[in-house]
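As recorded in TrEMBL, the features of this protein are as follows:
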BINDING   LYS22, THR181, ASP182, THR223, GLY224, GLY225, MET226, VAL227, THR228, LYS229  ATP binding site
BINDING   SER62, ASP149, ASN161  substrate binding site
DOMAIN    286-366  domain 'PUA'
Amino acid sequence: MSTPSQAQIRRRVSEAETVVVKVGSSSLTQADGHLDVTKLNALVGALASTQLMGARVVLVSSGAIAAGFGPLGFDARPTDVATQQATAAVGQGLLMAQYEAAFGRFGVRVGQILITAEDTIRATQYRNVQRTLDRLLDLGVVPIINENDSLASNEIRFGDNDRLSALVANLVRADALVLLTDVDGLYTAPPSEPGSKRIAYVPNVVDALGEVKVGGTGSKVGTGGMVTKLEAARVAAVSGIPTVLTCAGNAGPALMGDPVGTAFAPVKRRGSTRRLWIGFAAEPRGTIIVDAGAGEAVRGGRASLLAAGAVEVRGAFSAGDPVWIDAEDGTHLARGLAGYDSEEVPRMLGRNTTQLKRILGEEYAHPLVHRDNLVLV
Ligand SMILES: Nc1ncnc2c1ncn2[C@@H]1O[C@H](COP(=O)(O)OP(=O)(O)O)[C@@H](O)[C@H]1O
Ligand SMILES: N[C@@H](CCC(=O)OP(=O)(O)O)C(=O)O
């Protein structure tokens, strides 16, 4: 696939049949922790027009915690997990009430979907999310997605919604991802640094960003900053989906294909959704270290990881959790979903399938990581 021009990417965004739009906390709230209804209504105006022109629109909206702390009487975004979770429970309801009213003025229905990272890595759960989203879109509804902050465990969570939005874009087979934030695009350095300049077009987000200096959030309510937005653009790019990153005020022009913000080209054709979830959705809980032969087999792309080639296991994980597969020198070779709990693995190490069946029983005959549950890194 030759590298497309910026104009081609902008056209693809304007012609998208399905578009995922992600909006950050700072674009929806005031500094005092109350929803900024004017900003929210302006965003909904742009999204509703896109939807009424025939596109399928999915909104990934942050802002539950930012919208909840003011009404609860706190001066600032809480920092402890329990209070954040309680604040999100309050803020999410307030956020949805505003969205329902705003979209309702255009006769557009909305539906709320709250997702935890854990949901997204289990095959049955992500198929469930996919089916519900597809059905909502068929029904002409705008799904509004957020991380399920009130229930997410602290160890496995997205935290920001940037990566979640890219995974959702892949899940709904979107034609474009639009990331809306409080800065009008990607800059050569954090915009507070003198001399930093907006970058209008990134033809290859995977390896062309060496010169760019990215920093964390610039606001008191956002999380992740530009780092997670670039990760999201990268996940979208390897899924074959172009991304536009700009400020929320530019939502309308961005969706119409105007040259606002920063456009990122896709870098290859669409990959398997499931493998992307495994590759990006959650932090691995442990590591399986493999010998050179198994490493080569795994890197070859079509082999499962068998116990015979594994030499050590680290960390505590359950069957189904994401794990690293590392070489003995510590190099990451792949990520995958473990076929066993970590405590079952030590007695399996180095044994071939016949030995495993004979010594431990039939139920130990399947691979440590099945090739369908494995992505190379
Ligand atoms: N190279 C960069 N270009 C643009 N913004 C940057 C860069 N590095 C860091 N940032 C910061 O990232 C912020 C946006 O991220 P964040 O606050 O998490 O927003 P959101 O709440 O929309 O997710 C910007 O306000 C900016 O201060
Ligand atoms: N799920 C959280 C999102 C946290 C957050 O601040 O995200 P973002 O503003 O997208 O960087 C919420 O709704 O408050």
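Here the Cβ of each residue, glycine as well, is placed from N, Cα and C on the backbone.
Contact annotation for binding-site residues (LYS22, ASP149, ASN161, MET226) versus ligand 1: MET226, each with CB under 6 Å from a ligand atom. With SER62, ASP149, ASN161 listed as the residues that bind substrate, the site has a largest C-alpha separation of 11 Å. Proximity to SER62 (substrate binding site), judged by a C-alpha distance within 10 Å, picks out LYS22 from the binding-site residues LYS22, ASP182, MET226, THR228. Over the domain 'PUA' (286-366) the predicted model carries a mean pLDDT of 92. Non-local contacts of LYS22 (ATP binding site) by the CB criterion (under 8 A, 6+ apart in sequence, same chain) comprise LEU59, VAL60, SER61, SER62, ASN161, ASP162, LEU164, SER165, LEU177, VAL178, LEU179, LEU180, ALA232. Look at ASN161 (substrate binding site): DSSP puts it in coil. For the pair THR228 (ATP binding site) and ASP149 (substrate binding site), the Cα-Cα distance reads 18 Å.
Rounded to a whole number, the distance between the Cα atoms of ASP182 (ATP binding site) and ASP149 (substrate binding site) is 22 Å. Residues of the domain 'PUA' (286-366) grouped by DSSP class, helix first, strand second and coil last, total 28 helix, 24 strand, 29 coil. Note on ASP149 (substrate binding site): other Cβ atoms within 10 Å of its Cβ, all shown chains, come to 24. Filtering LYS22, ASP182, MET226, THR228 by Cβ distance to ligand 2 (under 6 A) retains none of these binding-site residues. In this view, SER62 (substrate binding site) is surrounded by 30 other Cβ atoms within 10 Å of its Cβ, with every protein chain counted.
Counting neighbouring Cβ atoms within 10 Å of each of the binding-site residues (ASN161, ASP182, MET226, THR228), the lowest count belongs to ASP182.
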